[in-house]
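Some features that TrEMBL has for this protein:
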type	residues	note
DOMAIN	195-613	domain 'Anoctamin transmembrane'
TRANSMEM	195-216	transmembrane segment
TRANSMEM	228-252	transmembrane segment
TRANSMEM	307-327	transmembrane segment
TRANSMEM	342-362	transmembrane segment
TRANSMEM	386-406	transmembrane segment
TRANSMEM	418-442	transmembrane segment
TRANSMEM	491-511	transmembrane segment
TRANSMEM	547-567	transmembrane segment
């Protein structure tokens, strides 16, 4: 039996999946195996599920690996060390249900109780969190177990990580679970709950947002067709987009609040754990009384206002200069070759490509500057990074459009420039979405380092051949960073739709078609191209919500300006408001801003059932606290 197993393992280990298609075949075979053993919480070897894989660098010696193993085992986390060769050393981390529940208590994860309210998980009251049909194994969600292990292990291994002994930690994909994300033409919506259970709240909210946003684009798409066919009055167009953008953003906040409540993240605050790269000295937290890292805020403000924002200002000025330089080139081409020359397309195309290049370079710069500011939590870090990014992106993508609209005052050229930029922007986005999978295939196909046959002596060191083969393949995949670039694409696209809606009726249609494919491609990349990311907790889309709302307000100003540039509108204003032509513009613009404000106040950002559920949770917490006080008082009396 052992010899047969060795032969089978020998043949499997002799070949590594070299492209995505081969990897899918490998995953399918493993999925069939898992289905045969369905119903057990353990894998086919009888061991507990492997949650996290730790890989060692070439510098790591056996003593280093064993030291790391001992550190991890102090937290009651089970480990399996596999020393395959000098280049391949893996440490598989798993944990029992009891250990995971204890870690969930320490992490203060919020869970649904039998009374229907959300409460912080308490290991000593497990029965309160066992909903009908649940077992203790179901309390810790699929995405939470790897994070719980990483959060207690990684801080203890920082010295090994800095020295290159430990290369990285990553969770393995669950091949059977991935079948829930396979493309299905009959599916009318994305499996948001499954995405959250597998990838976590941050990625789950992104896919919930892009799906909600894509469905909302149906209305401006239909309206745009009507606008083109029947030449709808521009004041009606502006009013429609004010209503649509405001209602869309307000309803999304309600949808987001409902998801965050069900996922136990709605009450996250700035007291969350510091992010991994946060630097500071350990001090006693005045709120919790625990030792935590602290960094003087004055140094953060000095970095922000003395270095970061001056650099941002220089980048903004440079982007504006290149945008204006395009018009000088166009004027020279027009003078040399005439208005009918195809060469007039070149400056616009070059400008659109430069916009994409500048966006990529500035994103790296904004990340570097924000990292230097040393913000405590990931949410604070993301907010300041997005703020820098949006200042630049608005100028980089839309400055030339504002210049054409309000300086050159050429609506025909504005429509041409906007649609050309939007078209190239969508092409670049699609090229990135499709190009990354293609590059991954080429990278795997032509990679120089190939896995060699293992002799019987090395093969005996492998406890689980299938697990090792999967780990070997996924260790070479790229690391998924965040939803940062995905939100950025949606935000810029939203700007193209609403900022100049008066002259671009088909912008929403192009965005709708793009998004219908983009969300499925994004999900495919997460499942096949990248390592499985550790789940991140979040209660909303953060600074991106403010970015969308800023563009929505700017859209009112820009579209009102376009309206007042029309000759018939100018004539009407001159005839009826000859003494206050500018004031009439201000009144109309303020009327729309007031309408937006009224809608904002009329639609509560949290659904009523969420508000009631939160109040119910607070009431149950206060009652429990009173009962504990009463119990302690009775003990003293006795």
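Cβ from N, Cα, C; glycine included.
These figures come from a predicted structure and were not determined experimentally.
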Practice problem: Mind pulling out the one from 307-327, 342-362, 386-406, 547-567 with the most Cβ pairs under 8 angstroms to the transmembrane segment (491-511)? | Solution: 547-567
Quiz prompt | Best-contacting stretch, by C-beta pairs under 8 Å, relative to the transmembrane segment (547-567) and drawn from 228-252, 307-327, 342-362, 386-406 | solution = 228-252
Quiz item: Hey, which of 228-252, 342-362, 386-406 has the most Cβ-Cβ pairs under 8 Å against the transmembrane segment (307-327)?
Solution: 386-406
Practice problem: Using a Cβ cut-off of under 8 Å, list the residues of the same chain at least 6 residues beyond the transmembrane segment (386-406) that approach it. | Solution: 308-309, 312, 315-316, 319-320, 323-324, 326-327, 351, 355, 358-359, 362-363, 366, 369-370, 413-414, 417-418, 421, 425, 488, 491-492, 495-496, 499-500, 542-544, 547, 550-551, 554, 558, 561-562, 565
